[in-house]
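*Asks:* Submitted below is the structure of interest, expressed as structure tokens.
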Amino acid sequence: MADADECNIKVVCRVRPMNSAELASKSVVATKFQNDDTVSMGGRVFVFDRVFRPISTQEEVYNKCAKAIVKDVLEGYNGTIFAYGQTSSGKTFTMEGVLNDDTYMGIIPRIVQDIFNHIYQMDESLEFHIKVSYFEIYMDRIRDLLDVSKTNLSVHEDKNRVPYVKGASERFVSSPEEVMEVIDEGKSNRHIAVTNMNEHSSRSHSIFLIQVKQENVETQKKLSGKLYLVDLAGSEKVSKTGAEGTVLDEAKNINRSLSALGNVISALADGKKTHIPYRDSKMTRILQESLGGNSRTTIVICCSPSSFNDSETKSTLMFGQRAKTVKNTVTVNIELTAEEWRSRFEKEKEKVLKLRAQLQATEAELRRWRGGETVPENEQNTKNVTILKEVAPPTQTVTVSVSEEERNKWEEERAKLYEQLDEKDSEIDSQSRLTEKLKEQMLDQEELLSSIRRECEYLQSQMTRLDTENIAAKEEAKEVLQALEEMAVNYDEKSKELEDRARTNESLTEEVGEKLNALNAITAQLEKVQDMEQHQRRRTTEMMTSLLKDLGEIGGVLGGNVADMKLNMENTDKVDEEFTMARLYVSKMKTEVKTLHQRCKHLEATSSTTAKKLEEDEKELDACRMQIAQHEAKIKTGHENLREVELKKQSLEDKLDILNEQLEQVNADAEKKRANEGKALEDKARESEESAKELQAKMEAQMEKHREAHHQLLTSLRTEISEKEHLIEELKDVNQTLTLQQEKLQLDYEKLKQEEAEKSRKLHELSQQADRREQAKQDLKGLEETVAKELQTLHNLRKLFVQDLQNRVKKALEGSDRDDDAGGSQAQKQKISFLENNLEQLTKVHKQLVRDNADLRCELPKLEKRLRATSERVKSLEAALKETKEGAMRDRKRYQQEVDRIKEAVRQRNSARRGNSPQIAKAIRAGHPPLSPGHAGIRGGGHVVGIRGGGGQGPIIRSSPQQSPDSNVNPNQQFGQANMDKSKPEAFTFPNASSTGEKPVRRKHHGHRGRAHSHDSPSSPQQRHISQDAPEGATGAQSDPMSTSSSYNNLNSNQNDVENMERKAKRLPRLPGANSKLTDADIAAMKARGRQKTSTNNTSKTPMTASEPAS
């Protein structure tokens, strides 16, 4: 250790602005600021190292109270910064602030950034290892914020009697971003609650520990420093915060620990007390080195300026004043080499020899003095008195001499007592954990007992209810039995009556059956007669019904009345009349078609005239628009002229003011001159008065001329302004009239457009109706021809029948053979029946054809409409397909950019991702800011990986000593390292452009010293390739489990990134003709190429140093 140095604890005071609650309660500001290191309250003045007013910024607070401690930590000293104060006084805002805001971030994020900035500016031969821990003291228990499963950690002492938290998670970091990620993770696990004074009140003391170890690779000099950043919970008054339940218990523990802190400060400030109560609280035990020990400590006391918190603010200021008197003894934490220890031993040995010689001379002088001899001054030994003073201890107050054996015995007893205290602490912790478990079990048993009691009470109530129900059921059963006996007696009587009535009923049913059979026979005969009659009617009217139906459909198309064409099916004598009515209806439709055609022509003529009128109206509207634009231009020029006139007026008024000032100056000079001359020369007073009067008359005449000119100019300007205003008013009126005319014309134009649209719609409808009627006319023409043909055939058949009858009559009169006549008549009958059957079949076929034709005509518009809709749909689908192709191309480009960004991010975070435990420490080489991880070579087989910069070369990674197997850091904390899938592939390659000549770098995890280097030039990007060559547990006894776990973690995270990229590539749609990238086949090929390249890059066994050039 280096020489000790005493320094006082630095105390700064920060007073926050008044919040909304204090302003609403009309509180007044109770603090006053005299200068930058003094604050007064209630007539009492408090002096601190620095006082920050409510208007102070976060950056100013950091620069004045925390920035200097960064350099001390990097030089090997310990440092502590903690905030103290009542609840809602701004402690958390001062320490943390808004983490991602450059303006409002607090001391912790700023000091983290500053540490790395200092490292980047230091000598290149220095190598740093930084690890952080984050824990809180909640309910007097130490809880790890980076591993929430650790809820009751203990405090132990190392070999130098320095307290530390055993089992706290430690994370190695190499950039400010990693530190901020750790802070975010821990902050999310802190205990906070809502009180009446603060919506986000911290319910625990949080401690963020940064440990910095540095090593000079040239001189092998090692320094270490710790930085405690503490955010204490605020003291609370239950009457103000309104705490209840758990929040009240938290407030009690907070006040108890803060009271223990105050007792420690008071004992240290007193200076006379031999016992310092560090062990009264775990917080004071952890901060033992910061309070009166080896640390440069800064306390930020946060206060409220409100009179509502008067007593709490005074208590905080008095605490700061006491803490300012505490002195710490700081030394550099240096780890000397064997040669330095040897040289120091030689120096101390020489010093002891000199002191022995000096002691012998002094003893001889002392014997001479005791012998009564007077030693002259030139023989007195005074030249080394200063050396004796330096060697002597600073406070030599012990006068009792103690032997070496007793001192050793006391040291052993003290060591045993300390060991017993540690054992008792561990026993107390275990007993407290056991007590908590027993309490939880007791609570479970009490809950179980209460539930059993509730069930028992419920069952008892059920039993009583069932007893009452049973008694009632017995009574009801008795009543039911009595009722059953009565019903049995009544049943016998009723059964006898039922038998008598059944016999009478059987006789009546037999009579009814006979009558029903007779009725059924009559109804069957009636139905046969009705069926025959209906068949005859249907046969006679079938042809006319179908014909009239076709005519009705055609009339419906033409818009006629279908009800007029109904056939009276009941009266067969009126069939001919109905047929003639159908013919009349057909002629009526022909006339209607002609009238509609004429009307269509008339509408076409009117539409041409309206189109001409619309063109004329549009021309007039364009002329009106031109006039409006001209008038607007005139108005604009008028406004500009008015603005110029106002500017002229203003310039003239300025000139007038200047002339008035000159006149006043001349008058003042004249008066002063007249007064001076009057005192000096009395005889020339009259002459001066006359000259003054003349001068005054001249000035008045000149002013009169100026006034007249100014008045004339003003009058001319006013007249001109009035004329311009009049012109503007006229132009406004004209513009208003023109706008009204324009609106009117616009309305007329809209009306004309509506009328034209309505007429075009009507014209379109009429044209459609005319087309339909023409089509119906054609259909009717064919129908008429068919009907005429059928009538002609009937007429011919009638003629043949008449001729046949005449022939038969003649033959009968002539007396020919009746047998021949009978045979001939029979042949004629057969021929007539055959012709009738043929006629009937032809009529049916014709009707069916006409009906099918009409159905097709009706379906034709629907089919045409469907065809148009289909063509429009095809066009819209083609456009959508084109847009989809373009969108897919854009998505493909965006996806490619995202893949490149992910690869770059993975490349940058590849060496930055680590678990919660110190598996792989990242050493930071001073002299340069961190380079891209793509330029880093990785050396496998070690346990601590460092990054060297500087010299313009690609950075290297150095191996550090193996971690101890009893490390207290949990390796299974971040990103689910313990649940890593062992079935993942052994190697993954993050793809890049194959034309850049990139080479993968392969990291191995073996028990032996395997190494792999990057041989890329600094200009070419490097491609990371990570492999798992052996399963966990196969590394041998020499392999560090922490580094192996971290390697698994990095492999798992990188592997997940590649799988995400592959899933995105599978989900992306593929289009014909597009330049598809990163398909599954491409990724598989890249993996194969990465494996081949890795086998060639894994041959070098010699580590790179800073002096070797990058190949």
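Using the three backbone atoms N, Cα and C, a Cβ is placed for every residue, glycine included.
Heads up, TrEMBL stuff is auto-annotated, nobody curated it.
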*Asks:* Match it up for me: which of 86-113, 142-169, 310-337, 338-365 does TrEMBL list as coiled coil?
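*Replies:* So the range that TrEMBL calls coiled coil is 338-365.
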*Asks:* For the feature region 'Disordered' as recorded in TrEMBL, pick the matching range from 392-416, 492-516, 667-691.
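*Replies:* My reading of TrEMBL: the region 'Disordered' range is 667-691.
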*Asks:* With every protein chain in view, how many other Cβ atoms are within 10 Å of the Cβ of T87 (ATP binding site)?
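*Replies:* So the Cβ neighbour count for T87 (ATP binding site) comes to 25.
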*Asks:* Compile a sequence-ordered list of residues in the same chain as S89 (ATP binding site), six or more apart from it, whose Cβ lies below 8 A from its Cβ; state 'none' when nothing qualifies.
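*Replies:* Result: R16, G234, C302, C303, S304, N309, T316.
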*Asks:* When you tally the Cβ atoms that lie within 10 Å of each candidate's Cβ, which of the binding-site residues (G85, G90) has the highest tally?
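*Replies:* Answer returned by the neighbour count: G85.
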*Asks:* Which secondary structure state does DSSP assign to K91 (ATP binding site), in the simple three-class scheme?
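*Replies:* Helix, per DSSP.
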*Asks:* Which number gives the other C-beta atoms within 10 angstroms of the C-beta of T92 (ATP binding site), all protein chains shown included?
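*Replies:* By my count, 24.
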*Asks:* Using CB atoms and a 10 A radius, I'd like the single residue among the binding-site residues Q86, K91 with the highest neighbour count.
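*Replies:* That would be K91, with the highest Cβ count within 10 Å.
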